[in-house]
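Here is the structure we will look at, set down as structure tokens.
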Amino acid sequence: MLLFPLSDAEKTHQLGKEVTDDKVYMIHQTAVNACGTVAILHALCNNSKVMDAARGSVLGAFVKKTSGMTADQRGKALEEDKNLSNIHETLAMEGQTQTPNRGSDTQKHFVTFVVKGGNLYELDGRRSHPILHGNSNPHSLLNDASVVIRKFMERDNSTVNFSVLALISA
């Protein structure tokens, strides 16, 4: 997952190519300041090992319910899902960092990088389709994603406000 600053450079210099791929589980973010939650869901829902373990859970039920939906429909379903909403609210209030007010303009955004079908995708909840960044596999995901992340940083080199989070098995 990458947290990066929203800027004019980001708006005018798109990296990768937006494509349609039914193998990628995509959620269009409809709620304000939910990009972190959507990014985590993108990471989890596109990982078959996680989803196998999630059967019978709140997440597993949500994915099963929304499996035939478009990214836009999933975004609406996420907004209306009380179980996931309660989990989001509880977890958002934990930790040492003060959470921003609901609806405040943070000027930062989370995206997730996943491998599906031999391709590296960037999943951005502001979009309805994944962004293709080329070939990849689970063994080269970290290296391949870091190449794209460097491009994000080069594109907006006036700031150091970037953070990367990797979800790995224990």
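For all residues, glycine too, the Cβ spot is worked out from N, Cα and C.
Copied over from TrEMBL, here are the features:
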type	residues	note
ACT_SITE	C35	active site, nucleophile
ACT_SITE	H109	active site, proton donor
DOMAIN	1-169	domain 'UCH catalytic'
SITE	Q29	site 'Transition state stabilizer'
SITE	D124	site 'Important for enzyme activity'
Between the residue listed as 'active site, nucleophile' and H109 (active site, proton donor): CA-CA distance (Å): 6
Where H109 (active site, proton donor) sits in the secondary structure, as DSSP reduces it to three classes: strand
Inter-residue C-alpha distance, Q29 (site 'Transition state stabilizer') and D124 (site 'Important for enzyme activity') (nearest angstrom): 8
Rounded inter-Cα distance in Å - C35 (active site, nucleophile), D124 (site 'Important for enzyme activity'): 8
Same chain, 6+ residues apart, C-beta under 8 Å of the C-beta of D124 (site 'Important for enzyme activity'), given in sequence order: H109, V111, I131
Protein Cβ atoms within 10 Å of H109 (active site, proton donor), excluding its own: 19
